[in-house]
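See structure below.
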Amino acid sequence: MPINITMPALSPTMEEGNLAKWLVKEGDKVKSGDVIAEIETDKATMEVEAVDEGTVAKIVVPAGTEGVKVNALIAVLAAEGEDVATAAKGGNGAAGAVPAPKPKETAETAPAAAPAPAAAPAPQAAAPASPAPADGEGKRIFSSPLARRLAKEAGIDLSAIAGSGPHGRVVKKDVETAVSGGAAKPAGAPAAAPAPATLAKGMSEDAVLKLFEPGSYELVPHDGMRKTIAKRLVESKQTIPHFYVSVDCELDALMALRAQLNAAAPEKDGKPVYKLSVNDMVIKALALALRDVPDANVSWTDQNMVKHKHADVGVAVSIPGGLITPIVRQAELKSLSAISNEMKDLGKRAKERKLKPEEYQGGTTAVSNMGMMGVKDFAAVVNPPHATILAVGAGEDRVVVRNKEMVIANVMTVTLSTDHRCVDGALGAELLAAFKRYIENPMGMLV
């Protein structure tokens, strides 16, 4: 029976992607773990691995196709011992499960003079591609199409099977092992998914365009990244009650320590092994502040308060067309030099769209620094599942009062945005006070 290859969900939030490149062609033999394609998501370009063995019988979605929905049929494999031509014909029946998206237009693509007539439907030789199953809590279970079919035939629950495929995906051999061992519980009806929250809509495009003279503008289609940013920020502002706390931090001691540490950096191949930035020290200070104020290192769910054991700090990085937030994991445990070198690597690969999902998804807090752009102060939008985000302004000379005398100091304004459901004003102020202590007494970050 043909094995359907469907558009994989490369992250829990992925809904669609662009099929950038096929690394196999029809007739090629593949085995589990072989890289077969490259998929562009809204944040990165990622490799897709085969999760079943077989021969590529038919490529359904051509390279360069945009907006391919998760679970849409993209190719058909002939199983071991199966006739490739027969498998290719059988795969046609599943192609109707999802409308085929249009290939990405190029300069060489000429518009069609007239729409082609619809092809007659092929005999249904294979079942339509089914959506990925979910466990009792509605969470997606990552599995191959063949594994889903075998599990259904055997009457076992995929959520009871530990996947051994790429990224924990349940594959054929996992189901066969479960069947022979009798370990999997009988499949039950999945719990009904809760109805999604209704979000308010803004002005329609027609309403907006009516306000401007024809010819005074051009329309630039939204790409996947911009759509995702818009969706998540609207959801954040409509579902998270934001609360803001600001404080001024003096930077003179931090700048002096930074210069001293950079001057003392050992060299390798004629280059210093690290070069600390102010932002590196901000990341460390926030991580230590969360360690000291653990009640602020949380995430909100409708059932529980998720208290995190480590400070995983996301750092907003501007990239063409939007931004991405790579994460420094367990930043409270890392040295300043380790944080600095890790951020340089993450930032470089972020701009190249080469980050893996686990490098930018999750985290427990975030830093958004616009100080290098001369911005004095601003407030950032909380990015769930975070409960906090720190907006960092520029350091500048200001007049401050010490011992009843006016002196000049290098001062930076920071604003903490919090999810008021789990971080109240007093708790936010406590976290910000701890951050300020580390910034103004930076030797504490070295011990």
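Glycine residues also receive a Cβ, built from the backbone N, Cα and C atoms like all the rest.
Feature annotation from Swiss-Prot assigns active site to His420; the stated evidence is sequence analysis. If you look up Swiss-Prot, you'll see 108-134 marked as compositional bias 'Low complexity'. For 2-78, the entry in Swiss-Prot reads domain 'Lipoyl-binding'. Per Swiss-Prot, the feature domain 'Peripheral subunit-binding (PSBD)' maps to 142-179. The annotation N6-lipoyllysine is assigned in Swiss-Prot to Lys43 on the grounds of similarity to another entry. Per Swiss-Prot, the feature region 'Disordered' maps to 91-140.
Taking H, G and I as helix, E and B as strand and the rest as coil, DSSP gives the domain 'Lipoyl-binding' (2-78) the counts 0 helix, 41 strand, 36 coil. Most other Cβ atoms within 10 A: among the recorded positions Lys43, His420, that distinction falls to Lys43. For the pair formed by His420 (active site) and the residue listed as 'N6-lipoyllysine', distance between Cα atoms is given as 28 Å, rounded to the nearest Å. The average pLDDT computed over the domain 'Peripheral subunit-binding (PSBD)' (142-179) stands at 74.
Taken through DSSP, the domain 'Peripheral subunit-binding (PSBD)' (142-179) splits into 24 helix, 3 strand, 11 coil.
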